[in-house]
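Report on the following structure.
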Amino acid sequence: MRDGMNYRILLDSAKSCILASSVPRRQQFLIRCVGGSIDHRHRDMQALRSLEVDSQTVIRAITPALDPTRHKGQAGNIAVIGGCREYTGAPYFAAISALKIGADLSHVFCTKDAAPVIKSYSPELIVHPVLEESYNVGEEHKSSIASKVLAEVDKWLERFDCLVVGPGLGRDPFLLDGLFLVTNNLELVSGYALAVLTPNVNEYKRLVQKVLSSEVNDIDAPQQLLSLAKQIGGVTILSKGNSDLISDGDTVKSVSVYGSPRRCGGQGDILSGSVAVFLSWARQHILAADSNSNLSCKNPIVLGCIAGSAILRKAASLAFSNKKRSTVTGDIIECLGRSLEDISPAC
Ligand SMILES: NC(=O)C1=CN([C@@H]2O[C@H](COP(=O)(O)OP(=O)(O)OC[C@H]3O[C@@H](n4cnc5c(N)ncnc54)[C@H](OP(=O)(O)O)[C@@H]3O)[C@@H](O)[C@H]2O)[C@@H](O)CC1
Ligand SMILES: Nc1ncnc2c1ncn2[C@@H]1O[C@H](COP(=O)(O)OP(=O)(O)OP(=O)(O)O)[C@@H](O)[C@H]1O
Ligand SMILES: [Mg+2]
């Protein structure tokens, strides 16, 4: 809330500053012609700058050293639940990104039809063909199959540091996309402080309409995000866009590290896999530092979101500088290693 208040004050001061300064008459005329939208955009950028976080410091603090005494699994065991007949790329992007950032093991729980495809993309991933789609299941078998699937996933759950639910689940009512499901059943995450929602612009709009019964407010975006996170009950929300905005209901942070102008599908999936790893690392860092961490933010969930967002954006920028218009998601994944190495060298 405090950050939100600061934001408002800055916003108001920025506005009066512009209006009081000696802007040439022609410029003032143009600003009036576009209904003040230039003014609003400026205010928005001013506000975001004040919330911008030093993501490099966060990444350096939470990335663990490559210590020869550690064993497999200690740098992260991540699972992605996603992937159906239509979407096999999304879970692959999320799971492989987790490995490329530095996790030791990365699992995918997907439908039986998607599994051979995902396995064929990479032998690095551990793929479990356990989910079922409606077209494969008769109405009378749905409940017994649902219990079987849940038991199958459940026996693995305690081994994982972080679960990524949703990439490529689609909208089959028997499977249901993570965010689509959560938006319509908020009690699933309400009050669960370890949950992170990573909505894109469409998914965010649906969440705002459902939870706040209003439209997305671009002018007061940080304040609205803060209210949304608070209202859902302390989950962290990473709202993706030109700047990524992160709130746990107490504070709002912005990551605007330069990314890429290419909007190829799959970048949100890279983000989710990356955030999963950094969350696990941030939790280890905060536990080990025992409140002696020199980071001003002590919420590992928020720290993980900051790091994941910044690394993805930097990788996207590196890939774009090389491939320009032909940049695709695989190119960005190939740059994840260098993106992290430039900030926190392995040795
Ligand atoms: N290579 C891959 O495998 C990738 C797979 N991906 C996977 O794709 C899924 C959708 O993700 P996305 O990001 O396209 O969804 P989003 O921006 O909300 O909607 C955009 C527009 O599409 C429409 N729409 C969406 N789903 C629909 C459906 N099942 N059936 C019909 N309409 C649907 C939607 O319509 P509306 O919301 O208005 O109903 C809007 O107009 C998700 O599971 C993601 O993980 C991506 O991660 C990219 C890489
Ligand atoms: N307008 C933008 N300018 C710069 N970067 C952006 C912009 N929009 C999104 N991004 C970056 O791309 C990342 C993914 O956001 P995007 O909105 O593409 O997610 P998504 O639709 O869920 O992706 P996916 O196709 O994987 O489902 C964000 O974290 C952000 O860093
Ligand atoms: Mg997405």
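Each Cβ is built from the backbone N, Cα and C atoms, and glycine gets one as well.
Feature annotations, courtesy of TrEMBL:
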type    : residues                                                               : note
BINDING : GLY168, ASN200, VAL201, ASN202, GLU203, TYR204, LYS205, ARG206, ASP269 : (6S)-NADPHX binding site
BINDING : 240-244, 259-268                                                       : ATP binding site
DOMAIN  : 55-343                                                                 : domain 'YjeF C-terminal'
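Overlay of TrEMBL annotations on the structure.
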residue : record                   : DSSP (3 states)
GLY168  : (6S)-NADPHX binding site : coil
VAL201  : (6S)-NADPHX binding site : helix
LYS240  : ATP binding site         : coil
SER260  : ATP binding site         : coil
GLY268  : ATP binding site         : helix
Residue among binding-site residues ASN242, ASP244, GLY266 with Cα closest to the Cα of GLY168 ((6S)-NADPHX binding site): GLY266
Between GLU203 ((6S)-NADPHX binding site) and CYS264 (ATP binding site): CA-CA distance (Å): 17
Cα proximity to ASN242 (ATP binding site), best match among binding-site residues VAL201, GLU203, LYS205, ASP269: VAL201
Which of VAL201, CYS264, the listed binding-site residues, has fewest other Cβ atoms within 10 Å: VAL201
Of GLY168, GLU203, GLY268, binding-site residues neighbouring ligand 2, Cβ under 6 A: GLY268
Which of LYS205, LYS240, ARG262, the listed binding-site residues, has fewest other Cβ atoms within 10 Å: LYS205
Annotated binding-site residues GLY168, VAL201, GLU203, ASP244, ASP269, filtered by Cβ under 6 Å to ligand 1: GLY168, GLU203, ASP269
Rounded to the nearest Å - Cα separation of ASP244 (ATP binding site) and GLU203 ((6S)-NADPHX binding site): 14
Minimum Cα separation from ASP269 ((6S)-NADPHX binding site), reported as the residue among binding-site residues LYS240, SER260, ARG262 that achieves it: LYS240
Candidate binding-site residues VAL201, GLU203, LYS205, pick with smallest Cα gap to SER260 (ATP binding site): VAL201
Extent of the (6S)-NADPHX binding site in Å [max Cα distance among GLY168, ASN200, VAL201, ASN202, GLU203, TYR204, LYS205, ARG206, ASP269]: 19
Binding-site residues (GLU203, ASP244, ASP269), the one with most neighbouring Cβ atoms at 10 Å: ASP269
Among VAL201, GLU203, SER260, ARG262, the binding-site residues whose C-beta sits under 6 Å from ligand 3: none
